[in-house]
Structure formats: C-alpha cells, structure tokens
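Notes follow once the structure below has been shown.
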Amino acid sequence: MPGLRVPERRFSRVLGVGSYRPRREVSNKEVCTWIDSTEEWIETRTGIRSRRIAEPDETIQVMGVAASRRALEHAGVDPAEIDLVVVSTMTNFVHTPPLSVAIAHELGADNAGGFDLSAACAGFCHALSIAADAVESGGSRHVLVVATERMTDVIDLADRSLSFLFGDGAGAAVVGPSDVPGIGPVVRGIDGTGLGSLHMSSSWDQYVEDPSVGRPALVMDGKRVFRWAVADVVPAAREALEVAGLTVGDLVAFVPHQANLRIIDVLVDRLGVPEHVVVSRDAEDTGNTSSASVALALDRLVRSGAVPGGGPALMIGFGAGLSYAGQALLLPDPPSTPA
C-alpha cells in the first residue's frame, strides 16, 4: 500500500507585525465619570492610565484589516501570497461567515484558506503556533495571524470591578519560511476549575428569551485569576523557554499578556527577568485587549527600535478558561520607516 507524500519540513519565523489602535483614547479621569472611583486608585491598582475605545465604525473587521495591512507591508508580502489567514477573537457577534474570510477578501488574499479561533487572552499565541506549524509542515508558505477585539462590547461600563481594565484594538503578524528556527514550540494548558473565574454573566440565548437577565457581560474574580497567573503561568513561561533551548537571561524582550501592570510586574519578579530584558507594558495606555494584547504589545516593541531584530523574545497569553499559551520567537527587524 503506498504511503503519503508530504513536503519536507522547514523552519518558520515572524516576518512582519502590525497593529491598529482606535482613535479615541479614554483617560482614567473619564472612566471615573461612569464608575465610582478615582484616577489614583485605578492607576495604583493596575498601572493603567488610559485605554482605547473603538467608535462604531471601528469594527473588529476594520481594525483587523488595518493591522493586517501594516503587518504585510512590514513583511514585504503581497496579500496574494498569503496561503492561510487565522483570526483570533472573542468579540465577533457574527459567527458565520468566518471573520477570517471577510478579512482575507478585503485584503485581496483570495488565494488563502482561513478560519477563526476563540481562546480568549491566549488566542494570539495559539494562532501563532498554528501558523508556525502550517509553514514548517510545508502546507503554507505565508500565514497571516490576526487578533482583533472590541472588549468594550462585552463589558458593563458601570461595573466598578473591571470596566476600567479593558480596551479595544487589533494586532497582526505574518509568518513565513526561515533558514533558522524562528518560532519555538508552543506551551499550552488549561485549568477547568477556573471556568467561573472569568466568564460571561449569561448566554445570548438566555438574553433573547429573557431580557431581564441583562445583556451578557464579562464577570471576573480578579483575585482568583491573579493567584492562578502566579501559580500556573510562571511555570508555563519557564517551560516555553526550556523547550526552545533558552534561559531567561538569553532574552532581549518579554511580551506577556497585558492584563494589567501589576500582574506583569509579578511575572517579571517570579521569572527572574534580568534588567537588560525589555518588558512590554503596553497596557499602560492600551488597557487589556484580550487576545489582541500580545499582538499589540509585540508590534509596539518591534517598531520602537528598543530591541534588535533577530533577538529572542518570550510571549505568553493567559486568561479565561482558565487557559494559557506561549512560545519563544526571534523578533523581526524594525520597519525601515517606523510608523
């Protein structure tokens, strides 16, 4: 019986990154006009000073396309060269057709396949691992990864416990072939005992049947999520380094999920991240954008020129599930004309 013929395996890396940040920047002072709080309390507890909130015309598709165009330009890849589009989002209310198809079509990537995934704050790292596998297996040459979120659509702005944390935005990356390993193995995991720690207040079908339950909105046990992040995410980050053959001292950058700066600082401390490593603190003026947060932070880091192209970085996303995913990667060179 004949066997299957498969392409020769190769290496992959991130060729380019891009992002889109909504026009409207909302300060803590403005947030305090809709919740009973103070600017000082919010910044002290979270490190967040402002966040971006999308206007009605800044849909998840619009933001995703804009981020993708910047990533394609940075990578020097034409949309027609994209073989696969993977979109991560938890805030797409149109479940069919797939958002990936709409984004690919608007970009002119009509030769591509595409699908969406939903893994909350870990979504971008999951999507990047799929892209790397697709390139390394020979199934695709160029893969576009997009993470796009309107978190303000799924929160109650009057909820004093979490409305100040979240923002909107999109990030993207183009993955392609490489002469050397450029994306490390993904480390992923779940803790189903934490299902109730970060969840929706009700389902949409419950809301349709009985509007008195209220529009579905995020509910979070912040203390439980914080304890889990320290207990589970830190070992996962160490494992992601180990399987890539790196130590924390080898890194030039650390790009964690931008939950808030307090959690980031604890992760940095527990991991023993040296002072020479640049740590992304994008949440300070972007807020928590769920799956888009790592992508947004990565784009800002690369375009800042603060780290060398080709240097190793560690990314890890974590949140609802509870779940996490992370990997090491070699950073792309900054764009020749930073924007």
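Counting starts with 1 at the first residue shown.
Including glycine, each Cβ sits where the backbone N, Cα and C put it.
Worth saying up front: this structure is predicted, and the values here are computed from it rather than measured.
Feature annotation (Swiss-Prot): of 38-42, 203-207, 258-262, the stretch labelled region 'ACP-binding' is 258-262. Classification of CYS121 (active site) by DSSP places it within a helix. Listed in sequence order, ILE48, CYS121, MET151, LEU165, PHE166, GLY167, HIS257, GLN258, ALA259, ASN260 are the same-chain residues at least 6 apart in sequence whose CB falls under 8 Å from the CB of ASN288 (active site). Shown for the region 'ACP-binding' (258-262): DSSP residue counts in helix, strand and coil, namely 2 helix, 0 strand, 3 coil.
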